[in-house]
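Positions annotated as Mg(2+) 1 binding site by Swiss-Prot, on the basis of sequence analysis: Glu89, Asp110, Leu112. According to Swiss-Prot, the Mg(2+) 2 binding site annotation covers Asp110, Asp113, Glu270. The feature substrate binding site is assigned by Swiss-Prot to Asn206, Tyr234, Tyr252, Leu253, Tyr254, Lys264, with sequence analysis given as support.
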Amino acid sequence: MISLREFIFSNNVNKYISKEDLYSLFIIIELTSKIIHNYIILNNITRIKQEKIKKNIHGEHQTKLDLLSNKKFIDMIKTHYNIAGIASEEEAKFISFKQEKYGKYIFLIDPLDGSLSADCNTPVGTIFSLYCRVTPIGVEISEKDFLQPGNKQILSGYILYGSSTILVFTVKSGVHIFTYHPFFSTFFLSKKNFNYPKKNNIYSINEANYNNFSLGIKKYIMSCKSNNNISSRYTGSLVADFHRNLIKGGIYLYPNTKIYKHGKLRLMYECNPIALISSQANGSSSDGNINILDINPKILHQCSPFFVGTKSMVKLVNKFILGYYNHN
């Protein structure tokens with residue numbers, strides 16, 4: 001078995017981050033993920049999550065489980081000597097750390113995606129990414145350090161808390177999958193340089209919103225239903241749905257609707273990290289028009305339609321969307 005530490009120090013990482021910086025970051029992520037997993041387990045015993053505390057910047061209810069996970073990740077990430085600041089889906093503004101003038105990197109995170117389903121024992125996840133700052137070393141960081149397109153990410157990944165705890169990440173040199181070993185209390189390599197399978201097996205979309213979809217999306221769904229080789233699978237947990245489609249071969253769709261005209265998923269915290277993993281696994285992503293990774297963000301909490309999966313399935317859904325654009 002190859003541990004996460006052994007893997008990092010025995011393989012080349014990208015030119016933007018040293019092995020020491022990468023490993024020290026993953027020590028923090030690994031430790032925090034263990035704590036978050038315990039929060040989730042305790043949630044089903046003590047119901048720590050049930051009370052809806054307040055609404056976040058997106059107008060969504062935050063639960064105690066959201067707030068605990070968010071605080072823990074912020075407190076842990078700020079201990080990394082080279083990270084200047086963090087932006088979280090649960091925070092209105094980015095947070096700078098005391099080492100902001102000299103930290104090389106900025107960190108973005110969705111601390112607990114799918115948390116509202118945690119009490120149903122549905123798999124939930126943490127999504128994260130890392131960028132090099134664009135402001136000069138020696139000055140305070142600013143919002144422009146965070147407002148970079150997804151193709152500028154130097155690391156992205158997610159942790160899936162399910163039947164096992166899984167870490168999936170890329171440093172732009174392939175996608176690597178690690179599984180947490182509870183006896184050794186660390187992650188071990190499960191799959192190296194993983195790519196989507198060649199078959200297109202699954203489409204994942206919330207069809208309860210069907211009446212609010214554009215004609216192109218409706219036609220695409222109909223084409224999937226008419227194909228006996230494609231099945232529909234949807235849990236409502238982005239990380240769980242994407243991970244299944246990555247392993248089995250498929251596409252995840254969250255289009256804009258009449259209610260969410262600009263989409264609902266967050267570009268910086270959800271779409272970009274997942275899109276980079278998809279790209280590195282020989283897949284693709286789109287907002288229905290252009291590659292997600294090529295979008296220049298204008299605001300920190302920007303939303304976007306999101307289509308991510310195998311290249312052929314993403315290409316086809318783009319074709320349907322553009323083909324029926326003037327018929328909506």
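Just so you know, glycine gets a Cβ as well, placed from its N, Cα and C.
Measuring Cα to Cα from Glu270 (Mg(2+) 2 binding site), the binding-site residues that fall within 10 Å are Glu89, Asp110, out of Glu89, Asp110, Tyr252, Leu253, Tyr254.
Cβ proximity to the Mg(2+) 1 site centre (mean Cβ of Glu89, Asp110, Leu112, cutoff 8 Å) flags the following additional same-chain residues: Asp66, Ser69, Asn70, Ser88, Glu90, Ile109, Pro111, Asp113, Ser115, Thr126, Ile127, Tyr269, Glu270.
Sorted by the number of other CB atoms within 10 A, the binding-site residues Tyr252, Tyr254 start with Tyr254, the lowest. Spatially, by CA atoms, the binding-site residues Asn206, Tyr252, Leu253, Tyr254, Lys264 include one closest to Leu112 (Mg(2+) 1 binding site), and that is Lys264.
Annotation: Leu112 carries the greatest number of neighbouring Cβ atoms among the binding-site residues Leu112, Leu253 [cut-off 10 Å, Cβ to Cβ].
Counted within 10 Å of its Cβ, the other Cβ atoms near Asp113 (Mg(2+) 2 binding site) come to 27, all protein chains included. Reported as a whole number, the C-alpha separation between Asn206 (substrate binding site) and Glu89 (Mg(2+) 1 binding site) equals 22 Å. Under the three-state DSSP scheme, Glu270 (Mg(2+) 2 binding site) falls in the helix class. Looking only at Cα atoms, Tyr254 (substrate binding site) sits nearest to Asp113 among the binding-site residues Glu89, Asp110, Asp113.
If you take the C-beta of Lys264 (substrate binding site) and look for same-chain residues 6 or more apart in sequence within under 8 angstroms, you find Tyr254, Thr257, Cys303.
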